Every structure is written in structure tokens, then in C-alpha cells.
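A.B. asks: As annotated by TrEMBL, domain 'Cytochrome c assembly protein' applies to 39-263. Among the features that TrEMBL reports, transmembrane segment is placed at 6-23, 35-55, 61-82, 94-111, 131-154, 175-198, 210-228, 240-259.
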């Protein structure tokens, strides 16, 4: 009962915050950041309860696809809420909060069978750094989408609506790269901890995940090198960001989905 109630709270307030933010971005209502933040906080609290109850439903950590997606989007929502105190990141909630709401529905309504992991320090380090890497880099992808919308509007001289309330283009771009750098720190830690604490990362059931994770790391590294050595920006940086995030998503979720379908 607690899980269902918390899920309802999370879904309702995620949708409330996203809708209110959208109305502000489209200038249909005046900005009310306090209202959006309050709704976001209630949603994150409800989502946190759902994450706790679904992950600890059995002994160890119960990490099926739906539970993992829910955990990642809980961290995304929490990071957005905390970062918005100092950074203008809340516009990304328009796209990310509805996905967070869907992740809550998936975790509660469609729980997945999965291997249950024990609480070994090495495994916990790998899991924690992995989900934090996904969270930061998915937020960066959301920021890249907003940046693409903003770039397209400016290029075609559409200076009304959402463009009037978004931060300047240079600020949006700087925030995207700050998120990528944070994500890369955790992705690097995740890969290193994987090699240290997981036996045979290139075994058949882990090979695709390992190779794609390394490929994503290489793509993000090239992007950061291009940014700070060659001045990459605009659509070129946006495409690299979205492409690298897609590869990273395939590394875990694509591989896990295929494995569960083959064994399910």
C-alpha cells in the first residue's frame, strides 16, 4: 500500500511540475519556480520511497530493468532539483519528469525478475558509479535537446515563446558540458570498478555491455577533447552528445533487454 501511494504521489507531482514548467516556457503562465520546485520535491520523495521498496523487495539488491530505470530517473530528478538551486537546469524537467513518472509506473506495475546482488563494497561501488554516470549523462542529453531547439529557433529567427525564457545559448552549452564532465567522472569510475570487482567482464553475457560502455567513454572523451582543444560547439557538439548517450544506453538497457527476452 505504501508503494502504491508513493507511486501515485510521484506520478501526480512529476506531471504537475512538468506541466507548470512547460506553461512557463511557452509563456502561458508567469514563471513560478517555487511552485515547480515544491512539486518536484514531493515527486522525488514519493519516487524515493518507490525505489527503496522495489529494490529491497527481496534479499540483496533487486535490479531488473524496470527497477534500474526507476533508480536512474530518481537520481535524475533529485539532481535536477538540487542543481536548479544554483543552475538554470529546470527547463530540462519538461522532458525528463514525464519519463521519471513512466519509470515509477514501470517499477510498480511491471517488476522484472533479476539476479539479486549482495551488498559487497566492490559491487555497490560499481552500481553507484554506474547509475550516477547514467543520471548525469541523460540530463546532459536533455540539455542537448533543449540546446538543439534553441539553436534551430535562433537560426530561423524565431525569437518568441520558449526562446525568451531559456538561458542564453552559451550558458545552455556550458551547462551541457559541465554535466558531461560530471558524468564522465562517474563513468570512468564505473569502468575501473567493473574491471576491479567483476569477474571476466568480457564473458558472453557481459561482452556487449563492456564494449559499448568503453565505446561511449571514447566518444565522450573525443567530444570533450574537441570542445576544449578545437572549440566544438553548436549542432556538432549536440550530435556527439546524443550519439554517445545512445551508445551508453544500449550498453546496459539494450543488452539487458535482449538477455531477458532470450531467457524470458
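Every residue, even glycine, has its Cβ placed from backbone N, Cα and C.
Model, not experiment: these values are computed from the prediction.
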A.B. asks: Compare 6-23, 35-55, 61-82, 131-154, 210-228 by their Cβ pairs under 8 Å to the transmembrane segment (175-198) and return the stretch that comes out on top.
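C.D. replies: The stretch with the most contacts is 131-154.
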A.B. asks: Quick test of the contact rule: Cβ under 8 Å, at least six residues beyond the ends. What residues does that give for the transmembrane segment (94-111)?
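C.D. replies: Residues 3-4, 7, 10-11, 14-15, 17-18, 21-22, 25, 40, 43, 46-47, 50-51, 54, 57, 64, 66-67, 69-70, 72-74, 76-77, 80, 138-139, 142, 145.
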